[in-house]
């Protein structure tokens, strides 16, 4: 494994080269080998070309459980029709001018959504999927994973995070499995589908430089003429998923969540934008924290234009929202994730900030402020205002995600586990510096106001670890193990690592030659911390076929492979809804 990992790190970040075929994994072994005859009945994806950006037919699938159909074009007055033509002409001129400029790799759609990052069409429910091995008995319910899947081919800059939400779902019942994937029917997606083209600005891919300013003006001009409706949100809902208060919620930090229902057949239906019965008035980040003991949901909302730039709030188990707690930040800051402990919330104020003025001089509004010192705020979960938050500096630290946090009362410290990424803005802005994501332990001493930070992995065993989780039953409490994606060759994931957070000892599971996946999801099976299974979508870039691998979390032995009827693109974050919870959905 060490030799393989060493060779992986030398791969080019954007390498799309073909790999040689390899046999399929031997079940019951973490040494990967494959038999060639497993997928003889699997439908091949229509998209096989890696080097050319292609978009599939995204016509909605009509099925008995389908909750939507292609909307009719909006009725327009003569004035609106003339205005629409004028705006389209302006937009075409902008696009023509913009195409004369070379896009950085972070905004180039031929890089960002090439290969298995490229989109797929919706798929109806397929039952009785071929299974090699045996699905563990405790896996009863549905695994769902969110991701960015643009409905339309980009006309200019596009970042991976800009795509529309598509949820991929595998439902398990008594050893059998079914699969479907459906768009989350956001306000943005339904309007663009009706219009027949992308009109909402892409937050990262398009909003940079003078062209970005022009596109914003153009978009709001369309809104003033009634050609688009911005009152019901502009978000993509493509990042996170959480099951809370009998609802599955799809989220991105640019909007309210969207309520999605899982049908009895395993299909997906978008119920609508969810404001917690008119309690939620602002956006909500994609990584809320569900306390496994209290059943409460803790979350944040940030604003890039006006103060307060950050707010913290919580929901009781039955969905009652607390008052907003304003967090005093000097500048609008990207707060993608945070952490909770038994008694505290831990809020990062890091170096990636929003500077809209950068667009005037041709730059991007999301930048790394090198002069800013990162800090972490520790606030009691139940404080009604932010006046007692304790800020502790953690220099040169940027964590995109946090895996867990807990309190050590003997030393009066809060321990935070996260992956520290350098360069801090490398996901958003092109850099010549090699990206590193270091699994780290950050200690915040509440008595002295000082911090310390150390890399957890043992020397000589370091790999980029980004995306994953601890046992959800220990969230906010002391945990020994984390299961994290091996993000190499970046941005693809070659396997996952099981890490002892105290000793740094690491065991790796590699998906297989030419096989890559995404976030490993740990599904517990008992009260013991490491009893359970890892679920992961995996794609074979040689065969151009996808599967779900089910791995014993204690032994790292592959126990089952579910062959999927279509390609599953690399995506973001997922969750599991148990059969009991499915029965109580609203």
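Just so you know, glycine gets a Cβ as well, placed from its N, Cα and C.
Please treat TrEMBL annotations as automatic predictions, because they have not gone through curation.
Looking at 51-76, 77-102, the range annotated in TrEMBL as region 'Disordered' turns out to be 51-76. Sequence-distant neighbours of residue 287 (Fe cation binding site): residues of the same chain at least 6 apart with a C-beta under 8 Å from its C-beta are 239, 240, 336, 337, 338, 401, 573. The Fe cation site is set by 287, 336, 401, 573; from the centre of their CB atoms, other residues of the chain with a CB within 8 Å are 239, 240, 285, 286, 337, 400, 402.
Residue density at residue 573 (Fe cation binding site): 23 other Cβ atoms are found within 10 A of its Cβ, drawing on all protein chains shown.
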